[in-house]
């Protein structure tokens, strides 16, 4: 695409001569700018892109998008009152509005986004629809798989990923929609046909400031759904009705404890999975799955509801496919290589940790203990740190350690966590590898060890470096050392 085409009729003031020259790329990183690129100079959380505009021009940028005019730049300047919205608009135009050529399903909520996204994709694929995935664990763009540190990629990358899906002849996409991604405009210009709300509990208050603002960010997503779209909500979540009030999409509900379009009852939860009945339009459909725990009953209900409404496939056939679904990596991931089971889970909020611990408590042999290794991420919601301790203390013995400290002092994060303990049933070990090893050394054959917080992640982030670190590998090595 050429610069004059890209900038045609955009809501911005243009300074400089706009020529018909090829645009190679859009980028927000001045270090990645090459000849023919447009540099997006945005105010970020930790730095201001305007400080790097000159470097971007020196590297070959042919235009700069900003909210501030810089008289010292020699290239075209695109000055917008809302550069976040314009960035998304330019990205969509540059990649030929790829989401219009895909049936896009968005999944939002505090917990369960990753599992529901993966289950929806599996059900879509089993129904004959080639479906991409944008999510926490990975992005699946057809034959290409990409690991990214963001649940919801920035607007430019997102449109690029959608374009790759279209290029590879995919017809649908499922993506996790985070509250931060909504607030930062990452999904603007993405045309969704369906949305799912999993649940709402307190999270990301460091970014949003309050629970009300956090909920408001997620409501934006449902408000953006078209009239022909589908809004699927969990009626056991007290905030669900307010999400429907602001949406013009067709409402669809699921629940366990409330009357809903799709409702599960007669739950039987086992160490190897679960079975239950699903009620839909007065009929009962028996469901069996290898997914463990009540929270996964919700995840299956959400996935079935949106895929059934989306595709109109026979519901009995769809329910039968559930038996073939598997949990994503790092979600109640069992390691059964020693005298006791060890579970890896991504739980990093009080609610998620409570759900996982409650499930594992049901699997404990008589006189067994639940031993929990956990920490909290740095530069993230500090309010939840002592709450995590309260949850862990309620269910078992705790090893408090580092998660991803990022720019914070790991010992200070641990001190914040420990304020939530009311007993001395915990040990502090800031080295995560040592904490896991000590927990496994402490366990007996009647115990269960839970390593929580990082799940699928293969790294650990510190202030000055990111190291290779995989909870599963550490657990396997520690169990092997017992033999």
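In case you wondered, yes, glycine gets a Cβ from its N, Cα and C as well.
Since this is a predicted model, take the numbers as computed values, not measurements.
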Feature motif 'Meso-diaminopimelate recognition motif' in Swiss-Prot, mapped to one of the ranges 399-402, 403-406, 407-410, 411-414: 403-406
Identity of the meso-2,6-diaminopimelate-site residue among 380, 382 (reference: 403, 404, 405, 406, 453, 457, source: Swiss-Prot): 380
Minimum Cα separation from residue 109 (ATP binding site), reported as the residue among binding-site residues 403, 404, 406, 453 that achieves it: 453
Confidence summary for the motif 'Meso-diaminopimelate recognition motif' (403-406), mean pLDDT rounded: 97
Helix, strand or coil at residue 113 (ATP binding site) [DSSP, three-state]: helix
Span of the meso-2,6-diaminopimelate site, taken as the largest CA to CA distance across 380, 403, 404, 405, 406, 453, 457 (Å, rounded to a whole number): 17
Environment of 109, 110, 111, 112, 113, 114, 115, the listed ATP site - residues of the same chain whose CB lies within 8 A of the CB centroid: 107, 116, 176, 198, 199, 299
